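Student: Pasting a structure below so you can have a look.
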Amino acid sequence: MENIIVAKFGGSSLADAHQFEKVKNIVEANGDRKYIVPSAPGKRHSKDYKITDLLYLCSTHVEQGISFDDVFKIISDRYNEIVTELSEKYNHMKALDINTYLLKIKYDIESGCPSDYTASRGEYLNAIILSTLLNYDFIDASDLIFFDKYGRLNADHTHKGIVKKLSSSKNAVIPGFYGSDPSGKIKTFSRGGSDITGALIARGAGASLYENWTDVSGFLMADPRIITNPMPIEAITYRELRELSYMGATVLHEDSVFPVREAGIPINIKNTNSPLDRGTLIVGDTHPMEKCGTITGIAGKKDFTVIAIEKNLMNTELGFCRKLLSILESNNVVFESMPAGIDTVSLVIPDYQLDNKLETIIEEINRQCKPDSLEILPNMALIATVGRGMSKSKGIAAKIFEALAKNNVNIRMINQGSSEINIIVGVENNDFEKAINSIYNAFL
Ligand code: ADP
Ligand code: ASP
Ligand code: MG
């Protein structure tokens, strides 16, 4: 059977002509890399712009009736620079007239096209350029990634679409991040969604490997922006990866795990700037833990509000939690977690969900649930320590708590997922970086 590798390249891997060349070399180094999924150009340095952010900005300008010419010029200049520089080296690139595509997109934005369409053009243009550079077919994602009328991915229809489309192309570039809805309109995934496109293509192509190329040599034990030179993770299970990426390790979109996990396709996270590094292999949940007893990684997110509720005999009051949760539901608020004791329960809610709704929610809880006490803890951060070896080894929680206490970090909340691969602590936003450093140093 032929081997197929699906390779997704992130924004920093395609940020300028030099990065495009690295991608070309990587793809050509292994003939199995048959289907390629690019993101939009990302940042070339820390103060640079991501093209996707600029495209969203164009949409906002149009909505507010402000000219978007200046923003669009930055976008247009970036693509022109990429194509011009590539044309100087590769003759066949001269045939690509990128400005015709740019003019059409500008016209569409001016005509008030929806923001999903505008945002998707970053990936679309990159796929046009990359398919020309590689001499691969271009397949538009709107022809094989399908959403339903509620904006959710239609997994069945998508799978069939991918299988059908790929059967007539041996080598193709498919833009990441978007697909189409039942009326044919462009619909995007959430931010970072090209990872999901790559995973769906890998499953539809029957790939033996899904490579996710980025700017770090794999999944690291902690965010490199917080810990200097964190240890790389050689192998991680899909479950651990999902926990870590959901909790803020943004290397891979958390929803990209399902399609490949179902099909048993391993994911390899690799570094475009250092392609010979082994990277991280994401493997089945039964993969043995080499260093039993140690943790796999640490990740965290800031900006939560915790509503801590206490009521005597809460455990015997029928329907207490239902009332509590229906208050959130009627206010259209999604919560993060709900740690509970016998007479206590806390609601952990991301701040962006709350908007100006906190006062109303508190008033309704007091009226409907009649708690003995209700405390609001604002500016909270959650930190997850994740490891499949945890359930079998003693003292992991003690080590985390001791490390935090030693470094004077006040723990405001503790939660252990029933999967036993995860211990979550809530600390104040101000203590976030210190807490991650303390836990990391305690284990390494
Ligand atoms: P891409 O544009 O290639 O999709 P992302 O920016 O989405 O790349 O993801 C890679 C970035 O994720 C890294 O540059 C790093 O700053 C950040 N990151 C956060 N947590 C981790 C972690 N635990 N391991 C590696 N990278 C991490
Ligand atoms: N370009 C999109 C974003 O910035 C999607 C992606 O990079 O995966 O969110
Ligand atoms: Mg990403």
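Even glycines carry a Cβ here, placed using N, Cα and C.
Straight out of TrEMBL:
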type	residues	note
BINDING	LYS8, PHE9, GLY10, GLY11, THR214, ASP215, ARG225	ATP binding site
BINDING	THR52, GLU123	substrate binding site
DOMAIN	385-444	domain 'ACT'
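So where do these features actually land, and what's packed around them?
Tutor: GLY11 (ATP binding site) is surrounded by 24 other CB atoms, counting those within 10 A of its CB over all protein chains shown.
With a 10 A radius on its CB, GLU123 (substrate binding site) counts 29 other CB atoms from all the protein chains.
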Student: If H, G and I count as helix, E and B as strand, and all else as coil, what does DSSP give for ASP215 (ATP binding site)?
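Tutor: The three-state answer is coil.
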Student: Including all protein chains shown, what's the count of other C-beta atoms within 10 A of the C-beta of GLY10 (ATP binding site)?
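Tutor: So the number of other Cβ atoms within 10 Å of GLY10 (ATP binding site) is 26.
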Student: What binding-site residues in the list LYS8, THR214, ASP215, ARG225 lie within 10 angstroms of GLU123 (substrate binding site), counting C-alpha atoms?
Tutor: none
Student: Using a Cβ-Cβ cut-off under 8 angstroms and a sequence gap of six or more, which residues of the chain neighbour ASP215 (ATP binding site)?
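Tutor: Correct list: GLY10, SER12, SER13, ASN271, THR272, ASN273.
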Student: Counting all other Cβ atoms within 10 Å across every protein chain shown, which of the binding-site residues LYS8, ARG225 scores highest?
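Tutor: Counting Cβ neighbours within 10 Å, the top one is LYS8.
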